[in-house]
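Asker: Take a look at this one; I'll ask things after.
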């Protein structure tokens, strides 16, 4: 028995924090303040853990620098039998030493009563995943790969899911004759190979730097602090979801329904940016507003597994929505999707695929990845960048958003330095402008003719509230008249977009309506890209 316990300690997860004692799950202890503490390992476990941690860092550095390292070793002549044998012996000795250190760490854990209690609860939960055992296990913060599965895509039957993944919008194929197609495929084969290598090496890591292991190691103290805050202050519930591609998705749910307010009955699903984690990300904004909130980490971020390619991102978003509906008990009409930056892709996919969702809010997002990718790459790479983005990283937010019929709110950062094509000083280069224009041109094509677009662009060029008001008053926009026109159209006709409202309207009327709609669909926030959105700026989208 003692040997079995030591074995579990040897291969058990690293324990980081105890949010509360498991005894506080008893009825008499529920009134106690939920105050957690950092797990304190004994001396033996502490020192061996430090050595293994540094070994992990060195392994990560070697992995990311392996191309340069291999070239260096090749030039020094290490790739020959006379030198490979000593090197392999040295590597073997290091591995044996690390194994011995791991065994000593297991011994240190075995001598720690807190760890023994934790590992026994973990084993009991794996054998019998009851609600009571899950509550006890939730008292601990540990390596998420050891966390039992709470929900899987196989538990529900969804036509959007399959073993290969959910459906995405694909770029339009170019139609050619069969002979031309074969010749073109042969001619572009090197480009396809290079695109694949770029996308699966530095391209993906440039697009999603949060998936880089070294960055996550550096941010680990901050993430653990954020995790503790969500669990101990907001009574957050951590869950592991399994998507249809097999990736495990790390989620955090804060339930405010029991508070009795209307906001608590609404669930806000948050989609983070390319270096954002739910522990310290945008889910804090709706939390402050009293909403129920469900945050999740991209594949490859935090406790989530996989890599954040568009297909994996959509698969993850799908299982998050299924979990919210079938496990948490929310209806689609009570769900709002809130996204920051690159999270606009999964948010727009969600409302496109689940049109019953109540509304979507996109903060500091963009219409299409391609213009932003071309901005940071040399002009000579344009064909290669275009092919790589469209084939492997096609974040087509505007195209997906136009498929949604519900309320939309876009938040533009007027000092955004990330999603601009020229710089933060030029507000007209913000790709949020293009997202707004594409959405309005799809929904109100008769209003957004050349004159309407010109008026909206003039409004978008305003850099302050005073300038916005000046443009609005210059065109003498009458809000009451615009509202009555739209309500009259909605009453008399089908309400599915695109609308033909404005077809028989004067140019002055179209300009008024265009500006009215632009101000309803977009709000300006005078800030940079990464500034947390205050709750005062978090408002529900306009609904006619």
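Backbone N, Cα and C atoms are what each Cβ position is placed from, and that goes for glycine too.
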Asker: Write down the single range among 3-23, 24-44, 87-107 that appears in TrEMBL as transmembrane segment.
Answerer: 87-107
Asker: May I ask you to indicate which of 51-75, 126-150 is given in TrEMBL as transmembrane segment?
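Answerer: Of the candidate stretches, TrEMBL labels 51-75 as transmembrane segment.
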Asker: On average, what pLDDT score does this prediction assign to the domain 'Phosphatidylserine Lipase ABHD16 N-terminal' (5-143)?
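Answerer: That stretch averages a pLDDT of 81.
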